[in-house]
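**Q** Sharing a structure with you now.
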Amino acid sequence: MPHSYPALSAEQKKELSDIALRIVAPGKGILAADESVGSMAKRLSQIGVENTEENRRLYRQVLFSADDRVKKCIGGVIFFHETLYQKDDNGVPFVRTIQDKGIVVGIKVDKGVVPLAGTDGETTTQGLDGLSERCAQYKKDGADFAKWRCVLKISERTPSALAILENANVLARYASICQQNGIVPIVEPEILPDGDHDLKRCQYVTEKVLAAVYKALSDHHVYLEGTLLKPNMVTPGHACPIKYTPEEIAMATVTALRRTVPPAVPGVTFLSGGQSEEEASFNLNAINRCPLPRPWALTFSYGRALQASALNAWRGQRDNAGAATEEFIKRAEVNGLAAQGKYEGSGEDGGAAAQSLYIANHAY
């Protein structure tokens, strides 16, 4: 076997590794604010707000205007293309607002899922064309990490070997291209919670998917110390009749990661996958209390599970912006504690935080 050509210099590797470690510093996670225009339409329609560019800007401003309390619990924010070039009411670019808090700016770079021909409704993710040029531009515009989401689903016949292999290779190509441009890739192979499968089945599929992803990353010479993983937690299907404890979910999740994710990876930033805000926090907390050795930071990269209460409090009204921002800060602080296994629960049984955020066949 010939030697691989050294694609990255020592300086490039150090930059990537430093960025990744900043994002997942102890007690810090990621705010995923990269919902597409279509996804924002769904969010805003829930509160009776029209999906205009200005309303999307105002809503993102609610999140980004959080004060310095978020410095200790948010290490990175994932932007959508439109948001990367928007400004707050005072004309300050959102990118600068986030960077001034010492938080790393990221960007969603995939172009969405498309059908994978010859499969039972499975998908791959598009967006590799022109990705290198886009990454170079995003780097100039202030982004230091990126996100790419692939989607797999569990049923009697899926995920197929073809879908697993194809999505693993797409993620590896994306990761390699990002690193060439000084951008840390977040690798997101999401296994959807749709279905009635139990915890064991999800664990088995998660292990097979992650094993394929890390084989592909190795084949593509991706520098693991300069990457992050954004997986699903191992949970039962949404229609599964069995209820599992956070401790059972934590044990299954950490076991799957220990069997597949190399210790060179600095951090695992879980997606919330339609869990309620409280559920996502309790499960993350249990994962960080799991008695198994865990060589990586285990933290959050939450969208809905950081935003649902804030969105509910805002309802499109300027007068509600301050209260909505407080709701976001509260969730960020809670998850910062959960990322250290220090969350004891809020004592709130009801309210928006306990509402399921599940959406069937969730597309971003």
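Start at 1 and count along the chain as shown; that gives each residue its number.
Each residue, glycine too, has its Cβ placed from N, Cα and C.
Per Swiss-Prot, phosphotyrosine is recorded for Tyr5. Look at Swiss-Prot and you will find Ser36, Ser39, Ser45, Ser132 tagged as phosphoserine. The substrate binding site annotation in Swiss-Prot covers Arg56, Lys147. Residues or ranges marked as N6-acetyllysine by Swiss-Prot on the basis of a large-scale study or a structure entry: Lys111. The active site, proton acceptor feature in Swiss-Prot is assigned to Glu188; the stated evidence is similarity to another entry. What Swiss-Prot records for Lys230 is active site, schiff-base intermediate with dihydroxyacetone-P.
Help me picture where these features are in the structure shown.
**A** Of all Cβ atoms in the protein chains displayed, 6 besides its own lie within 10 Å of the Cβ of Tyr5 (phosphotyrosine).
Ser36 (phosphoserine) carries neither a helix nor a strand DSSP state and counts as coil.
All protein chains considered, the CB of Ser39 (phosphoserine) has 18 other CB atoms within 10 Å.
In three-state terms derived from DSSP, Ser45 (phosphoserine) belongs to a helical segment.
For Lys147 (substrate binding site), applying a Cβ distance below 8 Å and a minimum sequence separation of six or more within one chain yields Ala32, Asp34, Ile78, Gly106, Ile107, Lys108, Val109, Asp110, Pro185, Ile186, Glu188, Lys230, Ser301.
Lys111 (N6-acetyllysine) falls within neither a helix nor a strand when secondary structure is assigned with DSSP, and so counts as coil.
In sequence order, Ile177, Gln180, Asn181 are the residues of the chain that are 6 or more apart from Ser132 (phosphoserine) and have a CB within less than 8 Å of its CB.
A strand conformation is recorded for Glu188 (active site, proton acceptor) in the three-state DSSP classification.
The number of other Cβ atoms within 10 Å of the Cβ belonging to Lys230 (active site, schiff-base intermediate with dihydroxyacetone-P), over all protein chains shown, comes to 23.
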**Q** Going by DSSP, is Lys147 (substrate binding site) sitting in a helix, a strand, or coil?
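**A** DSSP call for Lys147 (substrate binding site): strand.
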**Q** Please identify which of Ser36, Ser45, Arg56, Lys111, Glu188 has the densest Cβ environment, defined as other Cβ atoms within 10 Å, among these recorded positions.
**A** Glu188
**Q** Can you tell me the three-state DSSP label for Lys230 (active site, schiff-base intermediate with dihydroxyacetone-P)?
**A** coil
**Q** If H, G and I count as helix, E and B as strand, and all else as coil, what does DSSP give for Tyr5 (phosphotyrosine)?
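**A** The three-state answer is coil.
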